[in-house]
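K.L.:
This is the feature table in TrEMBL:
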- 3-84: domain 'GST N-terminal' (DOMAIN)
- 92-216: domain 'GST C-terminal' (DOMAIN)
Amino acid sequence: MAAAVKVYGMPLSSCTARVLTCLIEKGVEYELITLNLAVGEHKQPSFLAKQPFGQIPVLEDGDLTLFESRAIAKYVAYKYKDQGTDLLRHENPKESAVVVVWTEVESQQYNPPISSLVYELLIKGMYGMTTDQAVVDAQSEKLGKVLDVYEARLTENKYLAGNFYSLADQNHIPYTYFLMKTPAASLINSRPHVKAWWEDISSRPSFQKVLANANA
């Protein structure tokens, strides 16, 4: 029997991995339909009908079609709130509100510099392009300032929203995984509480399963 939930994407694209990690964390069966971006499958009319911007991932759940990985993850966490890890702290309004705050921090403060660094230090090299060191320096400074805030936060709490793992932590995993493959990993490793947090969240079985499936 086919899984009711279908995900269109690539196993280790950062945004697809964000969705897959959430599905596994919540114990949701899914089918991954891998798209070949190199030949432009994400720009074909059949896919653009699902995602008008031609980006991955897309989730189909019955007659519902969603795009934008953070929105998908939040939907999955809410729909399946009574199974798997409670990623939204839905029974505690105060804790839930703090989760929302830190998911916004990831999206608005953390993601812009880290995604730029991963592009410059990792993606460009894969396509034979030259790294722009000025961009690397500027974005490293920006991310460092964000991580200083994280270091202070994680001195007081095990996780970003409190002493519980949540969607706020989980949304950080894919891009940080790729950052750790670059010299900019020092931004994480030089901050002991951030480093400990990263080692904790990246070792969770959900993300490890995403990695194992991608390398199978």
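Positions of Cβ are set from backbone N, Cα and C atoms, glycine also.
Describe the structural surroundings of these features, if you would.
P.N.:
Taken through DSSP, the domain 'GST C-terminal' (92-216) splits into 97 helix, 0 strand, 28 coil.
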K.L.:
For the domain 'GST N-terminal' (3-84), what's the model's average pLDDT?
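P.N.:
Computed over the domain 'GST N-terminal' (3-84), the mean pLDDT is 94 on the 0 to 100 scale.
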K.L.:
What is the three-state DSSP composition of the domain 'GST N-terminal' (3-84), stated as helix, strand and coil residue counts?
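P.N.:
The counts are 33 helix, 18 strand, 31 coil.
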